[in-house]
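S.K.: Got a structure for you, written out below as structure tokens; questions coming shortly.
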């Protein structure tokens, strides 16, 4: 950007340093300024760059590739990549089939709906998604959240099964619409408002809640609380201890949970054996089903899956509520579930993209995830997203592209068509064990400890979300997570950091005296740095904070007999912007200092700040000769003798 000076630079007498004046950026009209702001906010990645100077046919191809990335990477697809995708797809299919049956129960839906959700959505994502590693399907957290929110509206999912399913499909439809809208209008930055710390706490709390919910199947309890908080669940468990537990079910659950945990430990200790925990759930299902069948343990009180509907996804277009009371309820549930699903998928996608060193287009991901959920809602699916456990297995199994999702979907297709009768005698205990072993990985102690070490406020957000989920409900935990995240943002905006600067010996550098104890204050000069843009939300605080710094300095002067403060230098290099409230605050500060016979001096205001200072007339009020390029220049103008001694 070309910069023109406020006034011609000049040289002081020989003993004075050369002083640069602060540059004023060229004027922009309102439309240009608005256009630049919108472009930087919504189109920071410049998505239209590949289309520049291209013929019409090329633009059409590029547009097609933008919507369907498979047409871009598919041109270089070969047998070597297919071999990796085939192995990965078969591996994650062996993991997803038993998980899907269990996750459907978390959502209070029949088992086949979990399998449906691992058939159509992965196929859609394979064509539209930009991640090579995400494995698509139902996940534990979203299943529990959806089941809880739906049950709040329809208390009896069994007695009102048809209405419950319709509301689930409606929620899935609006989850997809929410995701597509965020991606299409490039509003993906909104999901970043849920902080990492809040997500860690929420996921850990949800994992414990999910594990506790599995005690019903793990212990063979028939009458179980519909609440999800730990107090209600544990009360329900112990209340049924004398008459509701089934020892055969407990033996099955404990045995296979131990097997799954050992398998997971083996896979974690040696990456070459990644396939052991991947096929562990399927082996557990086969062995436990065979055991129940030959011993007829179901006659002894062991609860089994029973019938799973055969065939691929039936249409559910006519079951979505597009009018009536359930429309708004489904939309509300869908928005919440869609945002949580989106947050989880984007976090997973970014993690594996960083590991393989490729770029993930967040907005394309949102459109892809939203489209697959919209289509899924019309094909008897509930909310699907990226699964961390399956994506990790997909990555370790050597997946190369999203074709691994296609392979997984094909395996699920054959399972739905031909193999569902084989799951009739699968005990619920094994599904509970599979879910418990899967969600244990969501409890991240290392991340929580790191958050504690880095930022105590972040740790409060983490624990708030965690305890909200565990002791209240999933939606309360989510609300706490969002609230604390916003509270942190508001706190940082309304109470920005300020610092007193001192001169580092034998330099012209000025730094925070708390960070650099050797930095010396300049006699008669108070140098304050404001570490934030100055807006209506913090301008009054910044003005009052600076005045409090002056009061503190006056007390020190009275006690030690030092030189009275005659100059206040505000270091403004971190101040990226200022609004009208900020301008008024600076003018009020100037007038307050005038009454105290203290001169206000500004150092290094940025282009947006200096432009607005001149436009408002504040630069003339303060004095253009009181605005300097550096703190050193400002100090030199106040007390050149001190500068000469540096």
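Easy rule for this one: first residue shown is 1, then count along the chain.
The backbone N, Cα and C atoms fix where each Cβ goes, and this holds for glycine too.
So TrEMBL says this about it:
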- 515-638: domain 'STAS' (DOMAIN)
- 124-146: transmembrane segment (TRANSMEM)
- 167-187: transmembrane segment (TRANSMEM)
- 193-212: transmembrane segment (TRANSMEM)
- 247-266: transmembrane segment (TRANSMEM)
- 273-294: transmembrane segment (TRANSMEM)
- 333-355: transmembrane segment (TRANSMEM)
- 367-389: transmembrane segment (TRANSMEM)
- 395-416: transmembrane segment (TRANSMEM)
- 428-452: transmembrane segment (TRANSMEM)
- 464-487: transmembrane segment (TRANSMEM)
S.K.: Hey, which of 124-146, 273-294, 367-389 has the most Cβ-Cβ pairs under 8 Å against the transmembrane segment (247-266)?
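M.R.: Stretch with the highest Cβ contact count: 273-294.
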S.K.: Going by DSSP assignments with H, G and I as helix and E and B as strand, what are the residue counts for the domain 'STAS' (515-638)?
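M.R.: Split by secondary structure, the domain 'STAS' (515-638) comes out as 64 helix, 21 strand, 39 coil.
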S.K.: Are there at least 3 C-beta pairs under 8 angstroms linking the transmembrane segment (273-294) and the transmembrane segment (124-146), leaving out pairs fewer than 6 apart in sequence?
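M.R.: They do not touch: fewer than three Cβ pairs between the two stretches lie under 8 Å.
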S.K.: The transmembrane segment (367-389) vs the transmembrane segment (395-416): three or more C-beta pairs under 8 Å (separation of 6 or more)?
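M.R.: Result for the transmembrane segment (367-389) with the transmembrane segment (395-416) is no.
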S.K.: With a Cβ cut-off under 8 Å, give me the same-chain residues at least six positions beyond the ends of the transmembrane segment (464-487) that come close to it.
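M.R.: Hits for the transmembrane segment (464-487): 144-145, 148-149, 193-195, 198-202, 204-206, 208-209, 227-231, 336, 340.
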S.K.: Using a cut-off of under 8 Å between C-beta atoms, tell me which stretch among 167-187, 193-212, 395-416 contacts the transmembrane segment (428-452) the most.
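M.R.: Looking only at 167-187, 193-212, 395-416, the most contacts with the transmembrane segment (428-452) come from 193-212.
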S.K.: Looking at the domain 'STAS' (515-638) alone, can you tell me the average pLDDT?
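M.R.: That region's mean pLDDT is 93.
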S.K.: Who are the chain neighbours of the transmembrane segment (395-416) in space, where the CB to CB distance is under 8 Å and they lie at least 6 residues beyond its ends?
M.R.: 70, 73, 77, 80-82, 84-93, 96-97, 100, 112, 115-116, 118-120, 122-123, 125-127, 129, 131-137, 271, 274-275, 278, 310-313, 352, 355
